[in-house]
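Look at TrEMBL and you will find B:37-54, B:91-110, B:144-171, B:204-227 tagged as transmembrane segment. The annotation domain 'Connexin N-terminal' is assigned in TrEMBL to B:56-89. Per TrEMBL, domain 'Connexin cysteine-rich' is recorded for B:159-226.
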Amino acid sequence: MDWKTFQALLSGVNKYSTAFGRVWLSVVFVFRVMVYVVAAERVWGDEQKDFDCNTKQPGCANVCYDHFFPISHIRLWALQLIFVTCPSFMVVMHVAYRDDRERKYKAKHGNNSKLYNNTGKKHGGLWWTYLISLFVKTGIEVAFLYILHHIYDSFYLPRLVKCGVKPCPNLVDCYIGHPTEKKVFSYFMVGASGLCIVLNICEIIYLVSKRIARIANKLNRQKRQIAVSHNDHNEEPFDNSIDTMPTLSKKEQPPSFRSAVKSSHRPPGLKLEEKIRASAPDLSFL
Amino acid sequence: MTLTPPAEPDPELKMNWASFYAVISGVNRHSTGIGRIWISVLFIFRILVLVVAAESVWGDEKSGFTCNTQQPGCNSVCYDHFFPISHIRLWALQLILVSTPALLVAMHVAHRRHVDKRLYKLSGRTNPKDLEQIKTQKMKITGALWWTYVISLLFRIVLEVIFMYLFYMIYPGYKMIRLVKCDSYPCPNTVDCFVSRPTEKTVFTVFMLTASGVCILLNIGEVVFLVGKACSKHLHTAGDSTMGAWIQQKLCSF
């Protein structure tokens with residue numbers, strides 16, 4: 001399994017994720033893919049050879065192994081890792097589609113006109129794509145955990161299983177190789193899955209609440225502007241400036257002093273006075 | 001019984017540790033001098049030794065584990081009883097988990113860079129050279145980054161100690177025994193079971209434990225160094241402010 005190409009593909013997703021998304025990506029790489037390739041794959045390495053049945057009947061070991069392990073843990077986890085990271089590619093494809101539209105628009109209307117301010121910003125359709133990809137990821141994780149639980153009876157792996165499937169002559173004892181080690185790694189991988197589900201849910205809540213806050217702010221500002229324009233309705237000189245002032249979303253608002261002071265170490269040459277002046281209205285036309 | 005040659009570590013495994021190295025060594029630039037020594041010890045004396053040598057030694061541990069009986073299943077059961085989790089897997093998990101706190105520092109540095117970039121852009125300096133300068137500028141370990149760094153060091157120490165303790169609980173003593181006596185079902189009586197390559201395994205166990213110990217000492221040294229440096233800076237700069245004010249300043253600055 002060529003995990004290196006997979007990792008290379010996935011690191012491109014990093015650019016369009018939120019902070020939670022980046023943490024999720026690190027958890028997937030370090031705690032799941034790394035542990036899978038470096039340790040877990042070795043433990044399950046030759047599990048069919050290690051499956052010993054107390055009989056000389058040819059075919060009994062094969063049949064019993066197939067009965068108790070319809071699909072190996074390792075293969076399930078590989079599938080889970082691949083499916084869980086695919087929805088992130090939806091976001092990358094959407095951004096690529098936006099870039100393509102922008103290019104066609106620029107070719108048609110000249111280089112200075114822009115369709116999108118920033119194709120990677122999660123506004124409009126891209127926000128929905130990102131949210132849907134999060135839901136799909138969470139759904140896939142839960143589905144795989146359920147399948148694992150269903151097939152392996154709550155991740156229980158005994159040392160000895162009793163098998164009576166034909167052609168075994170009677171109820172034979174079959175012994176599983178490395179059961180304790182396999183149990184430890186099962187719990188580890190399931191735990192990592194659970195952590196990823198929690199991260200996805202947090203990211204969904206964060207995205208939705210940020211959007212709600214943005215909409216609430218916009219509504220608030222519109223209400224305030226309507227109130228102000230009614231109050232100053234007799235004062236001519238200011239009328240134009242207020243009507244023509246563009247409604248800025250929270251992101252595009254000029255920075256407040258508080259956000260500027262946030263970092264204790266400031267990059268050299270940054271003047272704070274510019275920050276304060278930027279938040280006052282521009283009355284230079286008077 | 002033929003002597004089986006040691007299993008070759010597959011290239012896929014080496015590549016994955018290599019990509020892990022690429023991720024972790026990015027943190028190198030923002031570490032202190034002792035931190036850099038720690039990363040080198042980790043990669044050369046632990047990860048490299050694990051991949052190149054130790055994996056081959058433990059490669060045939062299951063197939064080389066022979067019990068003096070023909071009873072099918074006795075081998076498997078006795079092996080599982082005496083080696084619930086292989087040394088190699090414990091060390092691999094330990095190395096992965098111990099390197100993870102360094103990612104916390106990397107994320108904090110990335111967040112600070114993001115904030116700086118935004119401030120630059122909003123103050124009108126969108127010169128690409130300035131933005132490039134932010135990327136290559138070395139971050140000073142001050143303010144909240146100091147706390148993140150110290151907390152990541154403490155996590156590292158705690159994880160190393162936890163793994164050493166787990167190791168001691170599962171395998172008391174560093175010596176690998178040649179012979180174990182086993183009578184778990186279905187072994188018909190108390191059978192002798194022989195471990196493969198016990199002396200070689202002992203040598204590598206001692207080596208890896210020593211490297212762990214050295215890493216713990218380096219981490220403790222780094223914590224002491226950082227705390228000492230911060231204290232001495234406080235004594236030099238803020239002459240008359242109290243300890244409480246200093247702690248408050250450290251907590252509030254972000």
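Every residue, even glycine, has its Cβ placed from backbone N, Cα and C.
With DSSP states grouped into helix (H, G, I), strand (E, B) and coil, the domain 'Connexin cysteine-rich' (B:159-226) comes out at 41 helix, 8 strand, 19 coil.
Beyond the transmembrane segment (B:91-110), the same-chain residues lying 6 or more positions past its ends with a Cβ under 8 Å from any Cβ of the stretch are 20, 23-24, 26-27, 30-31, 39, 42, 46-47, 50, 54, 139, 144-145, 148-149, 151-153, 155-156, 159-160, 163, 208, 212, 215. Through the fold, the transmembrane segment (B:144-171) approaches residues 84-85, 87, 90, 93-94, 97-98, 101-102, 104-105, 108-109, 112, 209, 212, 215-216, 219-220, 222-223, 226-227, 230, 250, 253-254 of its own chain, all at least 6 residues removed from its boundaries and within a Cβ separation under 8 Å. For the domain 'Connexin N-terminal' (B:56-89), the DSSP counts in helix, strand and coil order read 14 helix, 2 strand, 18 coil.
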